[in-house]
Amino acid sequence: MSEAKSGLNTPFDQSTHFERKRLHLGVCGSIACYKAADLLRAWTGMGIHVSATLTPGARRFVTPLLFESLGALPVYEDMFSPGQDVFSHLEPGQHAEAMVVAPASADALFRLAHGAASDMLAAQALAFDGPLIIAPAMNPRMWSNPATQANIDILRQRGARVVTPACGGTACGEQGEGRLAPLHDIFLAALRALAPQDMAGKRVMVTLGPTREAWDGVRFWSNPSTGLMGAALAVCAWLRGAEATVVSGPGVRVRLPREIARVDVVSARDMFEAASGLWPNMDMGMFTAAVADFSPQPFGPHKFKKIDAPDGLTVAFTPNPDILRTLAHGRKPGQKVLGFAAETAPDMKALLPLAHAKLQGKKADVLAANRINSTDSGFGTPTNAMAVVDAAGHEEIWPTQSKADVAWELCSWLLRS
Ligand code: CTP
């Protein structure tokens with residue numbers, strides 16, 4: 001999808017809310033260590049200050065110059081490298097807000113678990129008391145070995161967040177669990193460690209994407225929604241500590257962190273049933289889906305043949321339930337509701353009365369309207385320009401910004417509404 005700056009296929013690499021945050025990246029000797037360069041690019045591209053340590057094993061595969069060229073500052077090597085500050089093993093502990101070890105080798109897991117301090121990365125980890133994220137990568141038998149698993153258990157018990165390896169073919173030609181986790185999972189785990197946890201304890205449901213209403217065996221009625229705005233909201237809520245569940249229409253290709261629960265549906269009625277089942281246990285509902293208001297009366301499971309069409313074929317439609325309206329009207333005290341409005345309007349100001357009308361009709365707490373007839377807003381664009389109103393009568397017009405930034409502002413608004 002064109003929205004991702006880094007190639008990680010996550011809306012969050014366009015967020016401005018992590019600028020000037022400080023991260024330390026440890027890179028160990030593993031074939032996967034070239035992938036750490038992509039992580040570094042994604043973080044520095046967002047204005048995050050990244051320092052790095054390459055272990056001797058890592059330096060066999062990649063050079064410090066690569067990491068320096070991609071913006072890591074400083075790049076540490078050995079404990080007693082000439083010209084290095086005598087206290088450089090303490091520096092990440094003084095400056096970084098989170099430490100990520102990716103890829104983490106079996107040897108590094110052992111050293112971190114047992115408090116070794118004789119190499120630069122282990123000493124820096126020992127002197128670091130902030131959030132530690134570990135993304136192991138190794139041969140599947142090394143990973144499943146009880147010795148490695150015991151080290152992982154120790155690190156988890158101490159509060160480290162382990163981004164577990166993926167399953168599949170490894171570079172050594174074997175199959176199993178051991179490949180470095182998908183980069184977007186590691187990328188987002190670090191952002192979560194850097195984000196304020198002001199949504200901790202909240203359960204958030206997000207509807208997103210289009211719905212698809214079948215007519216015959218091959219044809220359907222739908223719209224061009226990509227689900228990106230909803231994905232940005234779900235990821236934002238999760239980064240800020242919430243437990244997020246998405247109810248996603250078909251064809252949504254944005255990758256979500258593994259911790260976000262996902263219910264896939266096809267039609268408006270499926271989405272209504274799934275969302276209705278989840279809603280009683282939620283604290284917040286964010287309704288971004290472009291739900292088809294009408295479904296064609298089905299022709300049947302077979303393909304309609306044009307030879308059978310009378311002159312001027314007409315298709316009748318029946319209305320679908322309004323998910324937002326139904327769930328907002330039937331909500332329990334304390335449940336918060338964010339609605340959206342996709343409108344065609346001549347300018348941003350003209351969105352405001354439409355937004356107020358939809359907010360009242362649907363009974364939302366906050367309603368965000370965008371102009372789908374604008375090139376920088378609406379279906380499939382990486383950005384949105386919004387007119388936002390709330391039930392207390394506040395209204396604001398926001399300039400064009402990334403959907404990640406829109407999501408951030410909307411979560412903040414819903415929290416204080
Ligand atoms: N929505 C919904 N269920 C529907 C229709 C809309 O939950 N059947 C939600 C959308 O997710 C969005 C809001 O209602 O949060 C407004 O959707 P929008 O398409 O802008 O408006 P509609 O209610 O469909 O009305 P209209 O198309 O006439 O503008």
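Yeah, the Cβs are placed from backbone N, Cα and C, and that goes for glycine too.
Residues near CYS172 (active site, proton donor) in space but far in sequence (CB under 8 A, at least 6 apart, same chain), listed by position: ASN139. Taken residue by residue with DSSP, CYS172 (active site, proton donor) is part of neither helix nor strand, so it is coil. Sequence annotations record features per position, and here TrEMBL assigns active site, proton donor to CYS172.
Within the same chain, residues at least six positions away from PHE340 (CTP binding site) with a Cβ under 8 Å of its Cβ are MET229, PHE287, THR288, LEU367, ALA368, ALA369, ASN370. Following the DSSP three-state reduction, the secondary structure of PHE340 (CTP binding site) is strand. TrEMBL lists ASP293, LYS303, PRO321, ASP322, ILE323, LEU324, PHE340, LYS358, LYS362 with the feature CTP binding site.
Taken from TrEMBL, the feature domain 'Flavoprotein' applies to 21-178.
Summarising the annotation, TrEMBL assigns domain 'DNA/pantothenate metabolism flavoprotein C-terminal' to 199-414.
The average per-residue pLDDT of the prediction over the region 'Phosphopantothenoylcysteine decarboxylase' (1-203) is 93, rounded to a whole number. Under the heading region 'Phosphopantothenoylcysteine decarboxylase', TrEMBL lists 1-203.
The feature region 'Phosphopantothenate--cysteine ligase' is assigned by TrEMBL to 204-417.
Across the annotated binding residues for CTP (ASP293, LYS303, PRO321, ASP322, ILE323, LEU324, PHE340, LYS358, LYS362), the two most widely spaced Cα atoms sit 38 Å apart. Summarising the environment of ASP293 (CTP binding site), the number of other Cβ atoms within 10 Å of its Cβ, over all protein chains shown, is 13.
Cβ crowding, taken as the number of other Cβ atoms within 10 Å, peaks at ILE323 among the binding-site residues PRO321, ILE323, LYS362. According to DSSP, ASP293 (CTP binding site) is assigned to coil rather than to any helix or strand.
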